[in-house]
Amino acid sequence: MARRQGPSRSPWAPTQRRRLATDCPCSRVYVLAHTAAAVANSEQYSVENIPYAGGNYHDDYDPRPGGRRHDSDYSLDPNAHHDAYYSQPYDPAPHDASPGGAYGTQPDHYWQDDDVGRPMIQGANAYGPDPHDPDRDPHPDDPFHDEPAPTPTPAPIKRWKTVKEVQLFKGNLVLDCPIPPRLLNQVPHAQPPERDEFTHMRYSAATCDPADFDAERFTLRQKLFAKPRHTELFIVITMYNEEDELFARTMTGVIKNIEYMNSRTNSKTWGKDAWKKIVVCVVSDGRAKINPRTRAVLAALGVYQDGIAKQQVNGKDVTAHIYEYTTQMTLDIKKGVVGVKKGNTPVQMLFCLKEKNQKKINSHRWFFQAFGQVLDPNICVLIDAGTKPGKDSVYQLWKAFDLEPMCAGACGEIKAMLVHGKKLLNPLVATQNFEYKMSNILDKPLESAFGFITVLPGAFSAYRYVALQNDKAGQGPLEKYFAGEKMHGANAGIFTANMYLAEDRILCFELVSKRNCHWILQYVKSATGETDVPTTMAEFISQRRRWLNGSFFAAVYALAHSFDIFRSDHSFLRKTMFLVEFVYQTISMLFAWFALGNFFLVFRILTASLQNELGTAGKVLFIVFEWLYIAVLITCFILSLGNRPQGSNKWYMSMVYFWGVIMAYLMFASIFITVRSIQSQIRNNGGFNASDLLKDKIFATLIISLLSTYVMWLVVSIIFLDPWHMFTSFIQYLLMTPTYINILNVYAFCNTHDITWGTKGDDKPEKLPSVTTKADGKADIHAPTDDADLNTQYETELHVFSTKWKEEKKVPSPGEKQEDYYRGFRSGVVLFWMFCNLALTALVLQAGGLELTVSDPDEAQEKQNQASTIYLAVVLYSVAGLAAFRFIGAMWFLVVRMVSATCRFTSPIY
């Protein structure tokens, strides 16, 4: 399938004149349209700053002490070029010979800006002399003097007392707001009265559904240039209420990736102006939910201003507040404090602040359906706030799509953030580190070898935009993906609602099975992303509840629709590979379903064997551990059915310790039985004979199972040149294994009625002013007025995150009462799951009345031992087989990767 052709990718010639057709500053703004009809029929809008309007031109602000102006004809006499002002495109470089390079004009002097190390946050009026007093020049003979003059204290903010008049375009409120001089003085930009993407922030008050964004005549800056910019990479950072450090961590990683692509001067796609092909979109889920410190960081970057947003436009509720700005600032984090400094590369930013909390799936609707439809990007990258991509990881993801035309989606390696290993001291973090590592070494390579990865993590993944599109009938991957937004209410079936807790799994399946297409999914080992993992048991349980329920029901959906793969255009061999993978997933899911019973049976068989070896002590331990096992498991069920993890943390921690002791006892039993078997074989046969030793079925199954898992994990980790987790996290993972089975699984199944994401939308945001159009088509708005106000507001935002963030203790809100239908379904699932595992236990142990079918006690014991031996052999050999299958898949992935790298060695540079 050929990819849709977007606009030309070639960078602008540096001699082009560029101006924005949407110049709409948020100081006193009037529209000077030729006629109402001209405005109504135009695709562009244009407004004029009052100091430059209607023949009253004067300039209130010049960052240079000398006051020298831009020498273009327009700047000398704007009224003489009235028509040109309305028709000229957005021009980031108004003067061809200006020193700003390809992205703007740099003033000849900035106050204190030569000192790169100067802190952003200083005392009163730290940004330099009063720009409204041109006569105050301490060095009239030297316009380039570096020493700043003493300055008066800024006047109080007057921004709420000024009313501006603006013209709405097609009923949409769109404003261009001047950037605070405090920020503007630190970056290259056009000189007044010229303006560019660095001097103004663009605000749009969206009053529509994301799907209607384009139809309602909303647009984005990239489409307003004389030569619209092609978006090769569209990156979205989704967030809820993450603090400033988490957001800054992600944003820093993204900026470094853009700098890396800007540095690839020999690339056919990237290079000096690579930043023009990349748009970074930040979507925040709810105006009342966003962390004020994070919002202040966005303001420091220039992409947000307080006092601009509106509640309603002509009686229509605003659904999202959209801010656009090309920032030249970057972030750094030192000792937990976020700092802002001048960056090396401009970054096109789009900040979408949703009015209501509508969950992450709705944030993705704004990204794909609203903004994606306007920009028509090639590759879309999804990142969660808090995940930090490696310095070239975004490029590596893009490269996977560039090398494989039929790659519809790709993901990288998600790593647990360890802070130089310090967090490994927490056993819960170490356990998750091991889990992530083995998944990236065994599971993802195996699935990538088949071409179908069951889930591309939403925390760090990428998709080809054209592959996501629906067909003419409106059916396709995005249609299935966004169906989940409507599944979180009473109108949804509980099965479907749980399934859409993992809608990214549904999206992956719909991509590879898309009708008449042959898209595949790939794992990119060289692309990495670090993320924070839960550090407390309550957090961990809540997170895994959603993961386990969503993945289980989504896997059932994929397997039930596995034959949909035949509607695709894949080759017969590829379809056969998919079917083999589906069989593997079915077996894995069956083991997951019976994990509770399997673990208890292994525990009972091994401890029963151990009591014969230890005598009386073994029998006492066997009885004590068996009763405690059952008691703790019942306690876990009761807590899961009626208590929140946050309110039962001590109970859960006690159970974690108990299951750790149980696992340690099991490992001791395995080693002890193995050693005793070897000693017995040597004693009986007068020497060591491996063939005779393997005739002992319990010993043989134990050895094969251990070798096929633990030893294989070490071998494959060494082959992948990443073995350190085996030494730092392996023991913790072993001890936590029963917790995964007996706590996480039980809590997940006991809470299938809870289809929330752990967030509530009951907080009400502060009321904003509304905008209503008058008879002449104009509207009055309240907004900041002059440079002093803008600077004071900017300083206020900087001080919000000037100190280290301290976590506040969250007061839990009253839980909403769940519907009886959901609770009934939950009870049915739990009962069915419990009875399945109880039936398996009774069958293997010949208990629950099955022992009465044999009258002879010796024969009954023999029959029980035989059933236990057969069961243990089936389970452990199955584990060995699945492990071998994963190993082969991982090796095949590695071989293909090495061969591909060899073949590309002499290919052109990307």
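Even glycines carry a Cβ here, placed using N, Cα and C.
According to Swiss-Prot:
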- 56-156: region 'Disordered' (REGION)
- 57-84: compositional bias 'Basic and acidic residues' (COMPBIAS)
- 130-148: compositional bias 'Basic and acidic residues' (COMPBIAS)
- 366-386: transmembrane segment (TRANSMEM)
- 448-468: transmembrane segment (TRANSMEM)
- 583-603: transmembrane segment (TRANSMEM)
- 620-640: transmembrane segment (TRANSMEM)
- 655-675: transmembrane segment (TRANSMEM)
- 701-721: transmembrane segment (TRANSMEM)
- 730-750: transmembrane segment (TRANSMEM)
- 828-848: transmembrane segment (TRANSMEM)
- 876-896: transmembrane segment (TRANSMEM)
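Pairs of Cβ atoms less than 8 Å apart link the transmembrane segment (620-640) most often to 730-750, out of 583-603, 655-675, 701-721, 730-750. The transmembrane segment (730-750) shares the most Cβ pairs under 8 Å with 655-675, out of the stretches 655-675, 701-721, 876-896. Across 583-603, 655-675, 876-896, the stretch most heavily in contact with the transmembrane segment (701-721), judged by Cβ pairs under 8 Å, is 876-896. If one looks beyond the transmembrane segment (876-896) by at least 6 residues along the same chain, the residues whose Cβ comes under 8 Å of a Cβ in the stretch are 441-443, 445-450, 523, 584, 587-588, 591, 701-702, 704-705, 707-709, 712, 716, 719-720.
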